[in-house]
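S.K.: What follows is a structure written as structure tokens; I'll ask about it next.
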Amino acid sequence: MAFKDTGKTPVEPEVAIHRIRITLTSRNVKSLEKVCADLIRGAKEKNLKVKGPVRMPTKTLRITTRKTPCGEGSKTWDRFQMRIHKRLIDLHSPSEIVKQITSISIEPGVEVEVTIADA
């Protein structure tokens, strides 16, 4: 069989738009908000659809322990706590553009988790 020329030009495949959720967690609020602002600014420069940052409830981890190691003396206690702050950012874009946006410098102590789903 011979190849038939139909006269049609090949159609470029559409770039797949994904729903991307970026989860940021940190113990320091200032560095967390700075990274959020940088990510959102980068997404707005690329004209992407952005939702967030959604501020999730702060988790407070508490430990109460005796001050004295030997058990002698009055019963005095130390109370320690650590607060973990969390932000969610949703983007609707191709995954290649998100790689460019997330390549910004991220503050130390901020953990970034990227989840990609089909739109």
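Placed from the backbone N, Cα and C atoms, the Cβ positions cover glycine too.
Pulled these features from Swiss-Prot for this protein:
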{"type": "MOD_RES", "residues": "A2", "note": "N-acetylalanine"}
{"type": "CROSSLNK", "residues": "K4", "note": "ubiquitin cross-link"}
{"type": "CROSSLNK", "residues": "K8", "note": "ubiquitin cross-link"}
{"type": "MOD_RES", "residues": "K8", "note": "N6-succinyllysine"}
{"type": "MOD_RES", "residues": "T9", "note": "phosphothreonine"}
{"type": "MOD_RES", "residues": "K34", "note": "N6-acetyllysine"}
{"type": "MOD_RES", "residues": "K75", "note": "N6-acetyllysine"}
{"type": "MOD_RES", "residues": "S93", "note": "phosphoserine"}
S.K.: Give the sequence-ordered list of residues that share a chain with K75 (N6-acetyllysine), lie 6 or more positions from it, and have CB atoms under 8 Å from its CB.
M.R.: R66
S.K.: So if I draw a 10 Å sphere around the Cβ of K34 (N6-acetyllysine), how many other Cβ atoms end up inside it?
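M.R.: The answer is 15.
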S.K.: If you draw a 10 Å sphere around the Cβ of the residue listed as 'phosphoserine', how many other Cβ atoms fall inside it, taking every protein chain shown into account?
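M.R.: Excluding its own Cβ, the residue listed as 'phosphoserine' sees 21 Cβ atoms within 10 Å.
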S.K.: Per DSSP, the residue listed as 'phosphoserine' is which: helix, strand or coil?
M.R.: strand
S.K.: When DSSP is mapped onto helix/strand/coil, what comes out for K34 (N6-acetyllysine)?
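M.R.: In three-state terms, K34 (N6-acetyllysine) counts as helix.
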